[in-house]
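For reference, TrEMBL has these:
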- Y24, G25, S26, Q27, R47, S52, G133: NADP(+) binding site (BINDING)
- D190, E194: Mg(2+) 1 binding site (BINDING)
- S251: substrate binding site (BINDING)
- 1-181: domain 'KARI N-terminal Rossmann' (DOMAIN)
- 182-327: domain 'KARI C-terminal knotted' (DOMAIN)
Amino acid sequence: MKMYYDKDVDVKALANKTVAVIGYGSQGMGQSQNMSDSGLKVIVGLREGGASWQKAKDDGMNVKTIEDAAKEADVIHILLPDEIQADVYEKSIAPYVKPGNTISFSHGYNIHFKYIKVPEDVNITMIAPKGPGSMVRRTYLEGFGIPGLVAIEQDATGDALDVALAMGKACGLSKAGILETTFREETETDLFGEQAILCGGVTELINAGFTTLVEAGYQPEIAYFETCHELKLIVDLIYEKGFAGMWNDVSNTAEFGGLSRRDRIINDDAKKEMKKILSEIQKGKFTKEWALESTAKMPMLNRMRELESEEKIEKVGSKLRKACGLEKKAKEKEEKVVVVNFDKTKKK
Ligand SMILES: NC(=O)C1=CN([C@@H]2O[C@H](COP(=O)(O)OP(=O)(O)OC[C@H]3O[C@@H](n4cnc5c(N)ncnc54)[C@H](OP(=O)(O)O)[C@@H]3O)[C@@H](O)[C@H]2O)C=CC1
Ligand SMILES: CC[C@](O)(C(C)=O)C(=O)O
Ligand SMILES: [Mg+2]
Ligand SMILES: [Mg+2]
């Protein structure tokens, strides 16, 4: 394991260089604001008239079209949705890429699965926060950061790693640590994690538990607290202290019940299916399915979104989060991030 911390990284690798962050969504907003606050010369590259154009301007960012940003930049950091990156790269970035430039990503998808081809005299790097964009910004403002991954696919200039690490430090990632990986490892593990555990697995687990309790006649609000709300508190314990720390904090009854029954839920069938999901990712089957879906303008994704919004747990959850003041608290946290940027705009 090779881990880099603040002391190992010199942002000088980006002195006199311009970083164009293409996209101002979840990651684009957090990363461009952090890099700008850390003293890097940052341009945000966007399509004119898109929803984020005005937002980035209001946040005090230097906004240009994607073509102009690519022309001016030494480092082009592509933070667009994965499914549209290849199209935008081909039309609006590739014509302006110069020898010695760096094309950078926060997910290896388009390079690993060969949707984007970059000239040999250009670096291909990755600096990937291991968490959502809002947390990249929030933890930076709190004076810390979330951990990140760094990978180099092509080192044309001999200092591609220094460039990628400097971006990571400016984003706040080397405070928690930046772990070295490859494009293949990051891409396949990230896709597996979000499908089987973090986003797919956990929502299905929560909803299955919630539905079991509600169908057995318990109050939906009690079922929501038990299967969803409390999950965060338990995961926080695991996050901070590992399984042992969590078991130590819960009752002996919970520890005995949990340890003796958990493999009836995540059983051999579930493990077999996890292996199948991983294999679909490795063989490019998932990627093909996703490419077809996005070319067809997301019919399945839109249908699944609609169905989930009609789930009882979503309705009960929304009501309870309001009643407990949790939605208000989350909104205040988001506004705090924006307020900092408004202040910055006024200063300029
Ligand atoms: N979301 C996350 O937390 C994480 C994401 N990543 C990776 O980071 C990258 C960015 O993901 P994420 O931040 O979620 O992306 P988002 O979906 O949040 O990106 C939205 C941005 O992309 C722009 N955009 C969308 N469609 C187009 C288009 N057709 N042409 C030009 N611009 C367009 C939007 O501009 P407009 O307003 O004009 O539509 C907006 O600025 C991906 O590679 C992802 O895998 C990695 C780790 C975590
Ligand atoms: C877990 C989802 C993620 O991989 C992430 C936030 O890291 C993503 O693609 O958004
Ligand atoms: Mg991820
Ligand atoms: Mg991901």
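Backbone N, Cα and C atoms are what each Cβ position is placed from, and that goes for glycine too.
Those TrEMBL annotations? Automatic predictions, nothing curated.
Positions of TrEMBL features highlighted on the structure.
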residue : record                 : DSSP (3 states)
Y24     : NADP(+) binding site   : coil
R47     : NADP(+) binding site   : coil
S52     : NADP(+) binding site   : helix
G133    : NADP(+) binding site   : helix
D190    : Mg(2+) 1 binding site  : helix
S251    : substrate binding site : coil
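Taking a Cβ cut-off of under 6 Å from any atom of ligand 2, the binding-site residues Y24, S26, Q27, S52, D190, E194 reduce to D190, E194. Across the structure, D190 (Mg(2+) 1 binding site) and R47 (NADP(+) binding site) place their CA atoms 28 angstrom apart.
Note on the domain 'KARI C-terminal knotted' (182-327): mean pLDDT across this stretch is 97. Each of the binding-site residues S26, Q27, S52, S251 was scored by the other Cβ atoms within 10 Å of its Cβ; the lowest score goes to S251. Across the residues annotated as binding NADP(+) (Y24, G25, S26, Q27, R47, S52, G133), the widest Cα-Cα separation comes to 20 Å. Residue density at G25 (NADP(+) binding site): 15 other Cβ atoms are found within 10 A of its Cβ, drawing on all protein chains shown. The binding-site residues under consideration are R47, D190, E194. Their Cβ neighbour counts within 10 Å are lowest for E194.
Across the fold, the C-alpha of Q27 (NADP(+) binding site) and the C-alpha of E194 (Mg(2+) 1 binding site) stand 16 Å from each other.
Contacts of Y24 (NADP(+) binding site) defined by a Cβ separation under 8 A and a same-chain sequence distance of 6+ are given as S32, V44, L46, S52, K55, A56, M61, L79, in order along the sequence. Contacts of G133 (NADP(+) binding site) defined by a Cβ separation under 8 A and a same-chain sequence distance of 6+ are given as G25, S26, Q27, G28, M29, G30, Q31, in order along the sequence. In this structure, D190 are the binding-site residues from G25, S26, D190 whose C-beta falls under 6 Å of some atom of ligand 4.
A Cβ distance below 6 Å to any atom of ligand 1 is met, among the binding-site residues Q27, S52, D190, E194, S251, by Q27, S52.
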